[in-house]
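Per Swiss-Prot, these features apply:
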- 10-12, 36-37, 58-60, 63-67, 102-108, 134-137, 141, 144: 4-CDP-2-C-methyl-D-erythritol 2-phosphate binding site (BINDING)
- 10, 12, 44: divalent metal cation binding site (BINDING)
- 36: site 'Transition state stabilizer' (SITE)
- 135: site 'Transition state stabilizer' (SITE)
């Protein structure tokens, strides 16, 4: 059995108009994230992790922010595209672990809904998807509520 690990990281700055979209769901918050696409920092980190595991570069290579076709793009569509590339190479998701780093908004009320979206988009069981959140104890840009950072790790197995 061939196994591949991918790590993804993404950051977006607060300041855009609502909605705030995280993990494919709308999270109530007074501002959105500034981005070329819909700004879903969670799905961007996961997409990067999948592309990394497959040695296919990153989301900037596949969906450049200089391309007007991706202006306001739905990050769920981008994630499904990245996962299809992996499936076309004969791989499927074994498990996913995501860490959302944000002082605000509070993520706990939204984690199960995000897990359900991810399980659907990645054709996986919800028990193979973990999403957790942490703060930086008011330190750094996330602690000052200037933005959100996300790390994602995927384990992909050859089908």
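Glycine residues also receive a Cβ, built from the backbone N, Cα and C atoms like all the rest.
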Judged by other C-beta atoms within 10 Å of its C-beta, the most isolated of the recorded positions 12, 36 is 36
Secondary-structure category, per DSSP, in which residue 44 (divalent metal cation binding site) falls:
helix
Per DSSP (helix/strand/coil reduction), residue 36 (site 'Transition state stabilizer') sits in coil
Across 10, 135, listed as recorded positions, the smallest other-CB tally within 10 A is for 135
Shell of the divalent metal cation site beyond 10, 12, 44, same chain only (C-beta within 8 angstroms of their C-beta centre)
11, 33, 35, 39, 40, 41, 42, 43, 45, 148, 150
Nearest-integer angstrom distance between the alpha carbons (Cα) of residue 63 (4-CDP-2-C-methyl-D-erythritol 2-phosphate binding site) and residue 44 (divalent metal cation binding site)
11
If you count other CB atoms within 10 A of each CB, which of 44, 63, 105, 134, 141 wins among these binding-site residues?
44
